[in-house]
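Chemist: If you scroll down you'll find the structure; I have some questions about it.
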Amino acid sequence: MTTPRPPRAAPPTRRPAAPRQQATRTRPSLRPPSPASQPEPWWKARGRQYWLLVRGDRPIGTLLLLWPTWWALWLAADGFPPLGLLVIFTLGVWLTRSAGCVINDYADRWLDPQVERTKSRPLATGAVSGREALLVFAVLMLVAFGLVLLTNRLTVYLSIVGVFLAASYPYLKRHTYLPQVYLGLAFGWGIPMAFAAVQGTVPPLAWLLFCANVLWATAYDTWYAMVDREDDIRAGAKSTAILFGNGDLLAQGVLFSMTLIALAFVGQRAALAWPYFAALGVAACLVAWQFRLAWRRERAGCFKAFLHNNWVGGAVFAGIVAALALRPD
């Protein structure tokens, strides 16, 4: 009897061999790394903080200081002023305005962290120290004073008063409700200096123009103060916006009206032709538009009204230039 053979096991199935991958060499990339992956150089980071400290990113303050200075230069020279003086005063405006911003932030380093609009400033965040700020202020003022030394003795004497006004203004908001008026004195001090540099004297016309600018600066800086009014009240700071209270729009109407009247007297005393008074009409329309912007007293509207004063200053300057150009030789 034969025993049956067990069935043969099926041969194992062969798996298909995986395709051979050719070894590839990875070549180093010749492209430079993206800027985002590189750390910012220390000198660039510091420079950016200093640029923010002097408000280099916000030229509106320089323009509001420049317009009345140019008004004075053109009126004092009865036309286009000497080129050297124009360069000196234009550079001086930027330097002194920048220095004023630095000393303002130094004085307000207790206040700025509590105010929404200013809490990101370099001194408020600690990105720049108080000692650094004072050093920057000193350098800017020394350079500005060096420019003034290129003028005459009377202008140099007047510049000393200007330094005092710029350095002391930021501290007034702790003690008085009228820091905006004092700002007008500081922002307008380039007017008597310009007349002194061109004519060697400061005539009554210069002081009339100076008074007009004090009124104008008080008005437009009150718009600015209305932006921060609630924060200033909580922090214990003072301003004309807080002083005027619910009568702020009425007070602004009085200030701007007095500004335009004073500027009209300037045109009359300087015997300016009709383009100047036409420009004052344009300026009056621009001021009326500011009231529409700030009517609800909202922060954004008040800030836009403040910025809008750049066009007012430019309109008055255009009127002065046009009127002097039409004056017979």
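Cβ coordinates are placed from backbone N, Cα and C, and glycine is handled just like the others.
Residues or ranges marked as compositional bias 'Pro residues' in TrEMBL: 1-14. The feature region 'Disordered' is assigned by TrEMBL to 1-41. Summarising the annotation, TrEMBL assigns compositional bias 'Low complexity' to 15-29. According to TrEMBL, the feature transmembrane segment maps to 83-107, 128-148, 154-172, 181-199, 205-227, 248-267, 273-295, 307-326.
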Chemist: Of the listed stretches 83-107, 154-172, 181-199, 205-227, which one has the most C-beta pairs under 8 A with the transmembrane segment (128-148)?
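Modeler: The listed stretch sharing the most Cβ pairs with the transmembrane segment (128-148) is 83-107.
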Chemist: Give the one range among 83-107, 181-199, 205-227, 273-295, 307-326 whose Cβ atoms make the most pairs under 8 Å with those of the transmembrane segment (248-267).
Modeler: 205-227
Chemist: Give residue numbers and ranges for long-range contacts of the transmembrane segment (205-227): same chain, 6 or more residues beyond its ends, CB-CB under 8 A.
Modeler: 64, 68, 71-72, 75-76, 117, 180-181, 183-185, 187-189, 191-192, 194-195, 239-242, 244, 248, 251-252, 255-256, 258-259, 262-263, 265-266, 269-270, 290, 294, 297, 299, 302-303, 305-306, 309, 312
Chemist: Let me spell it out: take the transmembrane segment (83-107), skip the flanking residues so only those 6+ beyond its ends count, and list any with a Cβ under 8 Å from a Cβ in it.
Modeler: 53-56, 61-62, 65-66, 69-70, 73, 121-124, 130, 133-134, 136-137, 140-141, 143-144, 147-148, 150-151, 162, 166-167, 169-171, 186, 190, 193-194, 197-198
Chemist: Within the same chain, where does the transmembrane segment (307-326) have neighbours whose Cβ lies under 8 angstroms from its own Cβ atoms, ignoring anything closer than 6 residues to its ends? I mean 6 or more beyond.
Modeler: 60, 63-64, 66-68, 70-71, 74-75, 78-79, 216, 220, 223, 263, 267, 272-280, 282-283, 286-287, 289-290, 293
